[in-house]
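Trainee: Quick paste from TrEMBL:
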DOMAIN    129-270  domain 'Fatty acid hydroxylase'
DOMAIN    449-619  domain 'Very-long-chain aldehyde decarbonylase CER1-like C-terminal'
TRANSMEM  43-61  transmembrane segment
TRANSMEM  95-111  transmembrane segment
TRANSMEM  186-209  transmembrane segment
TRANSMEM  319-341  transmembrane segment
Amino acid sequence: MGSAVLASWPWDNLGFYKYVLYGPLVGKALASRAWESASPDRWILLLLVLFGLRALTYQLWSSFSNMLFANRRRRIIRDGVDFDQIDKEWDWDNFLMLQILMAATAFYAFPTLRSLPLWDARGLAVAALLHVAVTEPLFYAAHRAFHHSGHLYACYHSLHHSSKVPQPFTAGFATPLEQTVLGVLMAAPLAGACAAGFGSIALAFVYVLGFDFLRAMGHCNVEVFPSGPFRALPVLRYLIYTPTYHTIHHTKREANFCLFMPLFDLLGGTLDDQSWELQKQTSAGVDEVPDFVFLAHVVDVMQSLHVPFVLRTFASTPFCVQLFLLPMWPFAFLVMLAMWACSKTFVINCYNLRGRLHQIWAVPRYGFQYFLPFAKDGINKQIELAILRADKMGVKVLSLAALNKNEALNGGGTLFVNKLPDLRVRVVHGNTLTAAVILNEIPKGTTEVFLTGATSKLGRAIALYLCKKQIRVMMMTLSTERFQKIQREAPAEFQQYLVQVTKYRSAQHCKTWIVGKWLSPREQRWAPSGTHFHQFVVPPIIGFRRDCTYGKLAAMRLPKDVQGLGACEYSLERGVVHACHAGGVVHFLEGYTHHEVGAIDVDRIDVVWEAALKHGLRPA
């Protein structure tokens, strides 16, 4: 495909620097003070604003398309959008760069276009007529040609159809030849109105943005039209297409070729007979029941923007604070306040594993709220309602993320299991696998470790497991009573391997630190050079020591046959999830019938680890 003329973009290798191509227009607008009404280059500013609004149109439709909490029942293709498709469509806006260059060329070639009036109603009538009489039939003919010619399809149009799930960005995912043809056809009604003397600035904005609106809508994979109007007025079926109608074209490929008006498919004999029945079924809305749910929470205001329905491409990469997020912070902050005041658990993402639907739900609470004493009951109520909802739906396993299973909050989920004894859904904290991941990161041959957070669920399990392996565990705790309680849980012959320490200087010779409690720079200073910090503290400690290494939170890579996964879990790599998430997946795959809440069963650590490996999960 790449060797054919106009089959690849000339700026493909520039990456982000491709936007330098907007430089001449931006520079000209600034130099001529195009924002002033008397400026002769005011048209450049209007052109840049128009194309900025075009990009925003596709972005807003993309956000809508990925709002599973609002539209999952009306999704046409139920599969998720995976990383491969997101990467392919990363430069979806290439066509906007091409078409703004085409438009600028037209303005230079025909100077009279620079002095168009603000509005002329006659131009809208002319453009509408030309759209129906010229743009629609010519697009239909060109589109059929791209499909029926083996050369054109293989070299050009197959790229557009390589996306498995139509998305608004898919509309822009095509070759330069196709986008040139589309740009000319889109410009024809505007050129006709201007030639007739009825052109205007408002007409250009209305027609072009309307064109993009319908293109993005048709690719959004969510049925937005109710079926009632099409049944009451059958003629509407031939005047406007629907997302279902166009999605049929993407699945069958030999039907429904029209731009926006199915009338031309009817005239050409290519209208799929099932189009409107499928539209009726999809618009009615049918919910899918997940087998597994991971109940997450928001970390902070910035991280709340790291979701597919805000910025799909950003969510497909590990989270880190970026400068372009800063202007969005005030809006995200207001959303946080609104969610705090009135909201409930909602769906943010999904994927499929071995034919079973897995969903990620989010409790509408942010990390800092979990440490507010007055917020405790409200958070537990949100979690309880989510569990009850999952139970009613028929979910098999619900796994609690990070702070949702905090010991001080609900005893690691024990609160809910005790309060709701008749639950069919299995509630899982996933800490057994979390402990297994941490323990299997410790190098073989290690004889001594230093452990902080030793009295937590994870700390206790790690200490007991290691002492049974005859590894000396220096447990940092000021409470002798708590230390002795854990020591008594160990078999008598292994109790000698548990040692209480009360000062960090006691571990200044130990190079294996397991951290379950926040460490300040001063406390980290006691670790000898070359120390590796294994972590299970939330949030993770900040690495201040350049002569030491810092592990991330326990995580595992999902099996290779996972499908439809297109978002990173917080700062983890693609396809990697936190161990508590993975623990819930293993619980479901193994068909365990018990709840995994409260204290960790140390004897099950190796069992769960082997089960995870058996099902294809791998250490990250």
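Backbone N, Cα and C define each Cβ position, glycine as well.
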Trainee: Among 43-61, 186-209, 319-341, which stretch has the most Cβ pairs under 8 Å to the transmembrane segment (95-111)?
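Mentor: Checked against 43-61, 186-209, 319-341; highest Cβ contact count belongs to 43-61.
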Trainee: So if I exclude everything within five residues of the ends of the transmembrane segment (43-61), which remaining residues of that chain have a CB under 8 angstroms from its CBs? That is, six or more out.
Mentor: 22, 25-26, 28-29, 32, 34-35, 92-93, 96, 99-100, 103-104, 107, 113-114, 168-169, 171-172, 201, 204-205, 208-209, 212-213, 216-217, 219-220, 311
Trainee: Please count the residues of the domain 'Fatty acid hydroxylase' (129-270) that DSSP assigns to helix (H, G, I), strand (E, B) and coil.
Mentor: 101 helix, 1 strand, 40 coil
Trainee: In the same chain, who gets a Cβ under 8 Å from the transmembrane segment (319-341) while lying at least 6 residues past its ends?
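Mentor: Hits for the transmembrane segment (319-341): 298, 301-306, 364-366, 369, 568, 570-571.
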Trainee: Mean pLDDT over the domain 'Fatty acid hydroxylase' (129-270): what is the value?
Mentor: 97
